[in-house]
Each structure stands twice: as structure tokens, then as C-alpha cells.
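Quick notes on the structure that follows.
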Amino acid sequence: MLYIAFILLILGWSYTAIVTKIALNYIDPFDFTLWRVLVGFFFLFLITALMRKLERPKSLLWAFLLGLFQNALPVIFYNLALVYSSAGKVTVLGYIMPFWTILLERLILNTKFEKFKYIPIGLSFVGLILIMQPWYFRSSVLGYIFAVLCGVSWGAGNVISVIIWEKYPHWDVFSLTFWQMVFVVLIVAFFSLLLPSSKPIHIN
């Protein structure tokens, strides 16, 4: 059952790129991002409240940074990437996040790893360049850049989460995720209000 659930998770998660690509024909990417995080926040609030995990945050600053880099920026860049590029390539470039996590962990946390691991890291970078093909400049290149920024910010968020658990090992995961999403909603709402909508919302 575990393997079946894992396969279903992969299929469902990957299919969201196609759904998002279609949805962006009817709504501005920032408006779509706002509605997306609002729905997620609503259900998270209900779950956290029912479990009585609504606690005061251990650190507003770290909750803000985690929300910014692990959720807000990745989902904004991801939706912008889908405006300019195909769902397939955007998904591949965005979910190369582990590559950036390893590099940022090495730079920020000074984590050491075996020399042979540089080989797959180097191959990943070569694959990244071959997918983007920056020598052929076209509108889709902008989408690739947004997709890469999605992975980079997501990787930074993972490093921040490591720092948080080292600093606050007793911070309840539901409480942390709740406050993280509070800032995600605020950040996305800020960008949505700051930038004019490129198209009206079409409901069908």
C-alpha cells in the first residue's frame, strides 16, 4: 500500500502542472497563486485547530523566511514559468530542487560530502543547461529561468527548515506549518495587490 500511495502521490503531484497550465488561460498567475494558497491555508487552519496545535510561534522571523522561500516564491515562480513554457519542462526544472538544496547546504551550512557526489551534481548541471538551451533565446527561456528560480528558492527553503529544527527542535510541526502559511498568504497577497492583474478571471 505504501508504494501504491507513493505512486499515486507522484501522479497527482505531476498532474497539477497540467491543471495549472490550463487554469492560467483563465486567470492571472498572481491571482491564481493567491487562491491556491488560500485554499491550502483554509484546510491547514481547520486541521491545526481541530488538533489544538494553534500555538504562539517560536520565531516570527524564521516562520516568515520559511514561508517566503519554501512556499511563496516557489509557487509564484512556478506559475509564472508555466505562462511562458511547457508543463513538462517546467516540472523537470522546478523539481531539480534537490540539486540546489545540496549546493546551498554546502554554501550556507558548510556541510561536507564525499568527492564522488560531485559527479552527479556536475551531470545535473549539464542536464540543466541542455534542457534550458540558453543559446536559443526565445520566449520559453524566460519560463525556464522562472522554473530554475522556483527550484533555487525551494532549495533555500529546505536549508532554512534544517536551521529551524536545529534552533527549535520542540517546535510542533503543525504549529510551524500554520505560521509558515500565514506568511505565505500575506506575501502572495502583497504581490497580487502590488502588481496589476494581466487578465480578468474567467469562470466557466
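Glycine is no exception: its Cβ is also placed from the backbone N, Cα and C atoms.
Annotated domain 'EamA' per TrEMBL: 3-132, in sequence order.
Counting only same-chain residues 6+ beyond the ends of the transmembrane segment (32-51), those with a CB under 8 A from a CB of the stretch are 20, 23-24, 71-72, 75-76, 79, 174-175, 177-178, 181-182, 184-185, 188-189, 191-192. The feature transmembrane segment is assigned by TrEMBL to 32-51 (among others).
Sequence-distant contacts of the transmembrane segment (60-84) (same chain, six or more residues past either end, CB-CB distance under 8 Å): 17, 20-21, 24, 29-30, 32-33, 36-37, 90, 93-94, 139-140, 142-147, 149-151, 153-154, 156-158, 160-161, 163-164, 167-168, 176, 179-184, 187-188, 191. According to TrEMBL, the transmembrane segment annotation covers 60-84 (among others).
Residues annotated as transmembrane segment in TrEMBL: 90-109 (among others). Taking Cβ pairs closer than 8 Å, the transmembrane segment (90-109) reaches residues 14, 17, 74, 77-78, 81-82, 117, 121, 124-125, 128, 131-132, 143-144, 146-148, 150-152, 154-156, 158-159, 162-163 in its own chain, all 6 or more past its ends.
Residues annotated as transmembrane segment in TrEMBL: 116-136 (among others). Within its own chain, the transmembrane segment (116-136) has Cβ neighbours under 8 Å at 89, 92-93, 96, 99, 102-103, 144-145, 148, counting only residues six or more beyond its boundaries.
As annotated by TrEMBL, transmembrane segment applies to 142-164 (among others). For the transmembrane segment (142-164), the list of distant contacts is 59, 62, 65-66, 68-71, 73-75, 77-78, 80-85, 89-90, 93-105, 108-109, 128, 131-132, 134, 171, 176: same-chain residues at least six beyond its ends, Cβ to Cβ under 8 Å.
The list of residues near the transmembrane segment (176-195) in space but at least 6 beyond its ends in sequence, with Cβ under 8 angstroms from a Cβ of it, reads 30-31, 33-34, 37-38, 40-41, 44-45, 48, 53-54, 57-58, 60, 63-64, 66-68, 70-72, 75-76, 164, 168. Sequence annotations record features per position, and here TrEMBL assigns transmembrane segment to 176-195 (among others).
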